[in-house]
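Below: one structure, written as structure tokens.
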Amino acid sequence: PCNCSSVGSLDFQCNINTGQCNCRPKFSGAKCTECNQGQWNYPHCNPCDCFLPGTDDSTCDLETKKCSCIDKTGQCTCKVNVEGVRCDRCRPGKFGLEAKNPLGCSSCYCFGATTQCSEAKGLIHTWVTLKPEQTILPLVDEALQHTTTRGIIFQHPEIVANMDLVRQDLHLEPFYWKLPEQFEGKKLMAYGGKLKYTIYFEAREETGFSTYNPQVIIRGGTPSHVRIIIRHMAAPLIGQLTRHEIEMTEKKWKYYGDDPRISRTVTREDFLDVLYDIHYILIKATYGNIMRQSRISEISMEVAEQGRITAMTPPAHLIERCDCPAGYSGLSCE
């Protein structure tokens, strides 16, 4: 006998070779005694209804957007920092549930003053940019020993450096553009936004030793905890205007001075420490070999501030609002 389920099968027939019964739409299994993926509570087979951003991808079918769950309870398989039957809320001490976070939610940092926080609401992105009178930027060497504006001119909309003149003052390549003071200081609200700029260069050869130097260097921190963090990007090609948009979260940032073979990424705590007080931001100006000219334009950094959320000004995410104890204030109790 086929032993097909009276509830789940269409008829009591089965394939004589495999024993597979013919199941009704909601049911599966050899005897039609299980619910399909994405359903639970046999024989009712209710949809699991897992919240996708908080659910472990490996339990989901990305095409149908359905995830499997435990048959007896309907419990979905949550990402590490997520809880709830449907995986739709952050665990205590975590906040800001989002699909692209592999952990689901971020840890509350709050400078160690508390472990409780939520995502700050009512924030919108604004942009820090160059002021109209800031028509040129200085170039510095990597260690900031020397700085120069020789050979640097403004050709709207770009800042252009003639490398032969720059090299009369700076001797140790690679050289970096140093962003002005409005990009420095207290920048916790830049977390989760983007740093954007456009670069262009002319050189005799596409690659040189400086190809492997970091694209962006940021130094900052609390008085007791100064860090230098770096970001690598694919090198631009000679004579091609290249736009970079770098996410201001710890993902893909490394520690300055680490052996490049080490894949240690910056922790969220260290990244926020750097944003607590940025000392400087450097953007690489040296590419290729025997370089003639370097240009930079369209520099901006997104920062969040209180504002009216509209279709044109979407909300800023990923900024924590901590439940600060007495004696502390600020979104991160800073």
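Backbone N, Cα and C define each Cβ position, glycine as well.
If you look up TrEMBL, you'll see Cys2-Cys14 (among others) marked as disulfide bond. Applying an 8 A CB threshold to same-chain residues 6+ apart, the list for Cys2 (disulfide bond) reads Phe12, Gln13, Cys14, Gly19, Cys21, Lys31. Under the three-state DSSP scheme, Cys2 (disulfide bond) falls in the coil class.
The 10 Å shell around the Cβ of Cys21 (disulfide bond) contains 25 further Cβ atoms across the protein chains shown. Annotation comment: TrEMBL describes Cys4-Cys21 (among others) as disulfide bond.
If you draw a 10 Å sphere around the CB of Cys23 (disulfide bond), it holds 20 other CB atoms from the protein chains shown. What TrEMBL lists as disulfide bond is Cys23-Cys32 (among others).
The disulfide bond annotation in TrEMBL covers Cys48-Cys60 (among others). Following the DSSP three-state reduction, the secondary structure of Cys48 (disulfide bond) is coil.
DSSP classifies Cys87 (disulfide bond) as coil under the three-state reduction. Long-range Cβ neighbours of Cys87 (disulfide bond) (same chain, at least 6 residues apart, Cβ-Cβ under 8 Å): Cys50, Phe51, Gly54, Thr55, Cys76, Thr77, Cys78, Lys79, Gly104. What TrEMBL records for Cys78-Cys87 (among others) is disulfide bond.
Residues or ranges marked as domain 'Laminin EGF-like' in TrEMBL: 2-47 (among others).
Here TrEMBL flags 48-107 (among others) as domain 'Laminin EGF-like'.
Sequence annotations record features per position, and here TrEMBL assigns domain 'Laminin IV type A' to 122-321.
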Cys32 (disulfide bond): nearby disulfide-bonded residues from Cys4, Cys48, Cys60, Cα cut-off 10 Å: Cys4
Most Cβ neighbours inside 10 Å, all chains, among the disulfide-bonded residues Cys4, Cys48, Cys60, Cys78: Cys48
Euclidean distance between Cα atoms of Cys60 (disulfide bond) and Cys23 (disulfide bond), Å: 22
Among Cys14, Cys32 [disulfide-bonded residues], residue with fewest other Cβ within 10 Å: Cys14
Segment-level pLDDT (mean, integer) for the domain 'Laminin EGF-like' (48-107): 94
Cys4 (disulfide bond) and Cys60 (disulfide bond), Cα-Cα, nearest whole angstrom: 28
